[in-house]
């Protein structure tokens, strides 16, 4: 077995050494008599040149992969920033535009991030782009092969996606001279629900990866294109998006791009305790989609973002102005609140069970430690004898009581 593994390697090393067999055959005096230029000409540099060639290829792949990711990131964020600033009228978009740092780049040009803020009804928009690390094609190919043959070993770093998180602020400003409403906190309490439009192909993965979708109910409707379904914690919420916008045309074109749009106040990861539950409750809309590949898909992504902003505009306006056409009724909010309380009770129950298990384990460890100490001091036999006598007395008392 070892010869079959190391045999080719040994043969390769021998061939490398044989490249300079004539030079190594020279005696010390012969090498000493040669000038530096003569040694350079006589020496076989094949192996060194091949090594330099490999290093150059690695560096070239690294630079090329990084440049490809950076070019795609620039193209996507320039389109998004222009749309957010000019069409949706956000007052601040991106980072330092003067230094051309309109987005941040991390992890060898694989994670791109930016934001927008300063607008009525919207607190902020976070833009996140993840691309495959093209700087190391050998590692990328190996991970693809492992993921293809062993699904459990598939790396999440191989998935390319775009995620946009839009957070409302509960503030309505209809004009530059208008005063904002002062009950923003109260308005935001009306955003506590989950309603989503999810691509059927991504539905199972979405449930697995997102806690807020794992507790949602699935339903279909003629208003949706065939490749999308509703996922909401209350069935009446399915019409929420259509009440404040007309998304059918955009959705019918976004079958290959959009994975889901979700309005939620619940976190992505399941809370482990009640404190984490309370701290993670935050109203937001999450858009998850594939990475746009061309100008048409970039325009489509901009339209999807515009739909969500339009929905938040309309919903916030109805809440602030107490419109009779308000879609989210007190009955719906009561039902969503009850569902959240049920989920919180499950978490608390799990916490108590976990604490009891830990207490039992700790008690068992203490008893074992105590027994080891008694055994080491020679007192264990006396303790066992006392326990035995105690059990016998209890048994006799029970028998005596029974006969009486």
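Glycine too: its Cβ is placed from the backbone N, Cα and C atoms.
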Candidate ranges 29-48, 49-68, 69-88 [criterion: Swiss-Prot lists as transmembrane segment]:
49-68
If you check Swiss-Prot, which stretch out of 333-368, 369-404 is marked region 'Disordered'?
369-404
Residue list, the transmembrane segment (49-68) vs rest of chain: Cβ under 8 Å, 6 or more residues beyond ends.
108-109, 133-137
